[in-house]
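See structure below.
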Amino acid sequence: MIGAITSGRIADFIGRKGAMRMSAIFCITGWLAVYFSMGTLTLDVGRFLTGFGIGIFSYVVPVFIAEIAPKDLRGGLTTINQLMIVCGASVAYLLGTVISWRNLALTGILPCTFLLVGLFFIPESPRWLAKVGLEKEFEMALRKLRGKDADISLEAAEIQAYVDTLQSLPKARILDLFGSKYIRSVMIGIGLMVFQQFIGINGIGFYASQTFESAGLKNSNIGTIAYAIVQVPITVVGAFLMDRSGRRPLLMVSATGTFVGCFMAGASFYLKGNGILLEWVPILAVSGVLVYISAFSIGMGAVPWVIMSEVFPIHVKSAGGSLVVLVNWLGAWAVSFTFSFLMSWSATGTFMLYAGFCVLTILFVAKVVPETKGKTLEEIQAIINSRTWETRI
């Protein structure tokens, strides 16, 4: 959460690439502290450093991708970020069944190292370069991204005109976001992050093994491995569909699927509690969780991050993005912290509560979230500020 609060300012001050470099160094330092820890203090320091680094990453990476991508590929490319997160999480789940937590921490250094090296071979965000007045570097970066033979004159002019307009506006603080000018973007960004977390993803994900055990599955590792494997191909499908079907349909289909998964898992614990069809309880619980994570991976996992990177004007993106990412991590903590208490209260009630949030997600997307597929960041702002959008809510 601290990383999220500072992420926007850091990315604005030292650039998108600079923020990623800094985050990678924090994460490497943190994982080394975890690996070499001999007591709780060093372990906590390591966790703090990795948390701070990931808090910055979670803002700057989707923003960077959105700013460098052509409009017709922006959704799919931003979803690749979520795909890589899912791949990394799946690998961690699988490795965690065969190696110790200390060695698992050491593996976290590898992607950070690859990132540090890779950043030397990619250009900075053209929009950020234009924003800070580096016009020559702005055109060089845009040409490198689009290809040496591509005609970038129109896109460069659009970006420059938009940035010039924004430069005349005062720099926004987080409190300014709640004014009438930006409140719609805030509603969309925060609303999606709240629902992404409160449909229960971190509770269900972090406690998958314990959930399978509670349902009576004899070998919970089987369920955990299946959970890890199913995420990757489904997220690939989501990335493929992002710029074809659009953001809104993916979100609503995804939220509907998570509702079905929660209902199945809740029903399994209801059957167990009443001694009905006990032989089917583990199958229904595992199936419900797998349906849930499949549905989440196709839309609710990636799309809120894509839309977060699209809905804020560039001059408030640092403040807006920081606020949205802060809400996301606050929600992640709340759900993770309360899951075991809720399960102790009522396993059926826990999953039905999450199912209720899934229904609210569908309604929120239908009434509030605009379609951003195939539109430039500048066109999206025009839609959000239009009267057409006002009439929908």
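Just so you know, glycine gets a Cβ as well, placed from its N, Cα and C.
Residues annotated as domain 'Major facilitator superfamily (MFS) profile' in TrEMBL: 1-373. As annotated by TrEMBL, transmembrane segment applies to 18-36, 48-68, 80-99, 105-122, 186-208, 220-242, 249-271, 283-307, 319-345, 351-369.
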Same-chain residues near the transmembrane segment (80-99), Cβ under 8 Å, at least 6 residues beyond its ends: 61-62, 65, 107, 111, 221, 224-225, 227-229, 231-232, 235-236, 238-239, 297, 301-302, 305
Intrachain neighbours beyond the transmembrane segment (48-68), with Cβ under 8 angstroms and 6 or more residues off its ends: 1-8, 10-11, 16-17, 19-20, 22-27, 29-31, 33-34, 74, 77-78, 80-81, 108, 123, 125-128, 145, 305-306, 308-310, 317, 321-322, 325, 328-329, 377
Stretch among 18-36, 105-122, 283-307 sharing the most Cβ pairs under 8 Å with the transmembrane segment (351-369): 283-307
Overall pLDDT for the domain 'Major facilitator superfamily (MFS) profile' (1-373), taken as the rounded mean: 86
